[in-house]
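Structure record follows, encoded as structure tokens.
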Amino acid sequence: GLCFLPTGHEAVPLTLSIETQFCVGREGWSGEPTRRQRRGIAGDGMDVPWLLVAHGSVTALVVVSFLCGQWPIFEGTFVQSINHFLTSGAYRHFLRLVQAACGTGARDLVLGVEQYCCDRPNPILQVLYVAIIGGTYFIIVQSSFKYIPGYYVSVLHRYLSIVVVSIGAILFVLTSFSDPGTVTSENVSQYVSAYPFDNIIYVEKECSTCRITRPARAKHCRICNRCVARFDHHCGWMNNCIGEKNTRYFVAFLFWHFLLCLYGAIILGFIVAGELKDKKVVYILTVYYGIDNSFSGLFPHVAQWLLAVHNTQILLVVFLGIIALLLGGFCAYHVHLCLSNTTTNETFKWQDYIFWMKKENAAKASAYTLKASINAASSEAQKSPPSKWKTFFSRSKTRAEELVVKNNIYDVGWIRNLCEVMVPLSERRSFSCKKSE
């Protein structure tokens, strides 16, 4: 099964199946593939791609269920059930198993670890981020830099990759260790003046922990134990709150890492494509092995060769592609929040407000309908029954009462909203003058 094809390159082994290996060299063909080798090439190609498709489908289902299972569109579906199992059900079963196997003491120990990991500031996810970035870059250097420069990839990318990873690390440090906008007794009056209460989702009240007036849009973080202005959320990956002063760094971090993962996946894809072109795999398959020169004919065998020879690069492309997709969606969501001058915390507040207002309007509508029915019954003998048109238009008032409008007073237009994120109010000259006012 050792064959040679004139290519102008040194002989490099190419694995097409378990039974077949051929080499690309300068001497030309030294023989033809046997019947067994042809049968192996034609018959073994579809197993690996279908396994890869099944693995990707299951992975996508788990990721979508975990991230989106609570969306209203998935209510009552198996996606919501998977989300419930992943987020709470599996952990409850694990606690029961630990208690049954090791006793109450072991269960309390697990709960203590959970409290430290989820309810206290800790660098666990920060260390995990560094390990993921450093480990992935190390694997890429060890497995793929030997193909740079290549058929499609310039030597420039050896050094450009260091620059883009370093910028991502700088944004990580800025987001993790910058002040998110801590509200203290010294600056609370400025924040109260800068962010007026809308008396809908924000009313004037005192923080029971900090013992200061809690400004509008601020929230007391139970993990960091401080009030944060324009609070968005607490990010475990940063071990820091995302608030007024570091939202810009956080969004830049998301956007840059989206580009970083996309860049890595594209470059690795070009490396693999260059190797495919350089080794003339398609030419060998079609000319010497009689494979049909079509996508359906070539794909199983090319995929098998890629997974056998460049499996590390393929796995990295899939991994980086999935992470880029998730980061891209998360970044787009936060860009939308910035353009509308809304925070993640306020999104949940508005959802709760609209939910309860709809419940209240539904109760009012029921009372209105009941009152109308009683009035209609009392005057039924005296008046003729109302026409269908009159009944139709009489219901429009009830439907209008059910309409709940989100009135965000902090939305001042997308340009000014974006400027507020890029240059926070507390960093402007006018902010220091509000205390005297």
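The backbone N, Cα and C atoms fix where each Cβ goes, glycine too.
Caution: TrEMBL annotation is automatic and unverified by curators.
Listed in TrEMBL for this protein:
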DOMAIN    204-351  domain 'Palmitoyltransferase DHHC'
TRANSMEM  127-147  transmembrane segment
TRANSMEM  159-177  transmembrane segment
TRANSMEM  254-274  transmembrane segment
TRANSMEM  281-302  transmembrane segment
TRANSMEM  314-335  transmembrane segment
Segment-segment contact (the transmembrane segment (314-335); the transmembrane segment (127-147)) at 3 or more Cβ pairs under 8 Å: yes
Selected stretch (most C-beta pairs under 8 A with the transmembrane segment (159-177)) from 127-147, 254-274, 281-302: 254-274
Tally of residues which DSSP labels helix, strand or coil - the domain 'Palmitoyltransferase DHHC' (204-351): 91 helix, 16 strand, 41 coil
